[in-house]
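Here is the structure we will look at, set down as structure tokens.
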Amino acid sequence: MTSVVPFDQEAHQLNASSQPNETMIEDYDEFRRPPILEICLKHQSATQFAIADAKVDLNKNNLCPCCGQPIILTQLPLTASILDFSFNGPGVSLYFDFLMFSSVLISTFIIVCGIYDLIASTLGDTCHKLNTMGELECVDNFYSKFAKANQDNQHPDIAGSVLNFITTLILIILLFLYRKRINLLANKIDEKSILASDYSIIIENIPRDAKEEEIRQFFSKINNVEYKIQKICMGYQIQEYLRILKSKQEQEKTFTKILECERLGKPIPPRLPNKVDLTKTLDQLAYQLDQYEDNFQNSFQFSGVAIISYNTEDEANAVCKFFKATRLHLILSQVLRVIGKKDIRRFGDNVILVSKAPEPGDILWGNLGVTLLEQYKRKLITNLATIFLLGICFGILFGLSYGQFSLTDTGKGEQLSQAELIAITILGVVASVLISIINNILAIIIRKFAELEAPTTKTEYDISAAKKLGFAQFLNTAIITLIVNLVIVKEGEKSYYAVIKQGGLNQDVMLIFITNGIMPWLMALLDPFYLYRLFMRYQIQLQGQACNVTQQEANEYFAGPMIDLSKKYAQLGKTLLFTFFYAYLLPLGPVLSLGSLLVIYWVEKILLLRRDSKPAPTGSEMAEEMIDFFGEFTLLIYAIGCLVWESILNDAIFPLTWAQFAIAVLNFLVPIDTIFDLFWKTEDISTQEFYETQCFKFWDDYDRRNPITAEKAIETFLKNTTALPQQQVDGRGNIVLKNQEFKKQEKNKKAKNKHNKED
């Protein structure tokens, strides 16, 4: 049993000096009550987005017993380059780079088209003329003055159309160059750190009755070439185990509420179960979990997915190259089998899919047993459900817009009163704020939908959620607003009247631009969930030994929020699509979006370096998918917007605008990313280090992430780490050995490897 240090003494020990606490925490129990504050603070330090202090000797007191991460960290300066984030893989670095690239795209429009459009709009007087003729109530304010509808609308704006065409060509070039930049950045980041994924491959669709030894033999010798396997991490179907674990965690939280009521002398709410019965339930759940963990190889069925780590990265790459295939082979192989042709990718009767392994923390272990057919079926259901949600959003916004229309439609040709003008403006503000709220609700629901699709990795989940969420929010923000304003018009009213009138599309869209420019970074700063964490930290420290939360709950409260790349990419994608769709109509909008992105960049960077937790390392796949999806869509939406607004505001569409649309469609339909990869994709530089000399430096590994093997793997890692002589960590959290004999052995192995290559 772990001895508990009194709260005041513990706090004194932790704050007295920067030296590691001498109190040894032998056994970590995530369900322990009261929580040990020392572990909470260690976990808080270990999960910061910071690099390990290179000057600190590594020992058990300098590692978090919960996650095995180093706790003596050095914060990065706020001016740090995104390359300094390399200790966490390319994922976070490339997100911030994509954020800045989005600013470059919008800046390109402003420089080439926006300045001209703003000047041309201010020189127009359409709104004044309509008021003078008494045809329309049009308030001459900033969103009507700086709008394309304020120009002369008798003839197409030829100069504007030419500039839009030029902008499209420049954007295509920028997107093309940015794909190359992503590859270069990913390689630079990859060179800065050696990770378990460098040596590992992931194999899918292995027969589920295969044993680990069979897998080892099959992948040790391929095409008469011997490969040295260092570790095999088997994936299991653990849905039932995770269900029990989740149930126990929820019951523990319920137990916390009961204990808190007893501590405060309050009656236990009737909705809560009896304490004795709940205790028995918790004991049963704990027993079931122990049974699973003690005999996991027999308790769980193999999922058909395994991760193999080789001794060199070149070996892992060679195996991947030999089995190079796509998921389409899993379908086509069945056809080949029927006509009697063999497929070298078969393991037993199954065609296997081999690829470089994702980062350990990127794998969603509970989804490894879900078949491809089941995943496709779930995607179809979630896509239909998303369309249904958008229909509900349309109904809500339609109601608000109809309220605005009712106020403007006096039926007597009378001018609107001041009260009516204020009411119309208020409804517009309510609509824009409501859109922001609905988008946040969509984010929660669509993320749940993405979970239901059971993706294999967190990156696949993030990509699915970001695509659905970004496009759904764009439709909800831009397209539904457009449809509502164009449908609810007076009989015989010209189309562009619905755009320029008081309470019309110009006003609604400009208010959305303003709201969209403020809400994202403001909500990040005033995160209510983080404020609740701060309150719970205070309560845990205040209550000391009387605290009733579990160690796991306390650790979660002391850790900072974790960056959600799917939500952030979706926000960026929605901003790009919305901005470029309405850029022609409201050239002031892109200026507001650019200012918002610059604020978001610094707010999110400051929060990441000073408040947020360190996410699991991820690769560059997400950034590549996002630029392919949102980049191509942005060009298409921009061209569509130019067509729509020219057709509404002018009597004819300039031919060059049709040419712009044709180029955007062609760019969208042709697989530009595939063509780029064939000619310009850079090759990864393989590390020449051996796995057996680097494995103890990995702060993230597959067996430590696998829920079934994590506890024992972390315990073994901590013991092996402590046993190593005189260790320090470098700036990336890797151990630096000072044992000269070991360095000599490693140097001899490198020389031998070089000699073999020369032969």
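Even glycines carry a Cβ here, placed using N, Cα and C.
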Transmembrane segment per TrEMBL - which of 380-402, 633-655: 380-402
Highest-contact recorded stretch vs the transmembrane segment (576-603), from 94-119, 158-178, 380-402, 509-532, CB pairs under 8 Å: 94-119
Stretch among 158-178, 380-402, 509-532 sharing the most Cβ pairs under 8 Å with the transmembrane segment (471-489): 380-402
Secondary structure content of the domain 'RRM' (200-339), with strand meaning DSSP E or B: 79 helix, 26 strand, 35 coil
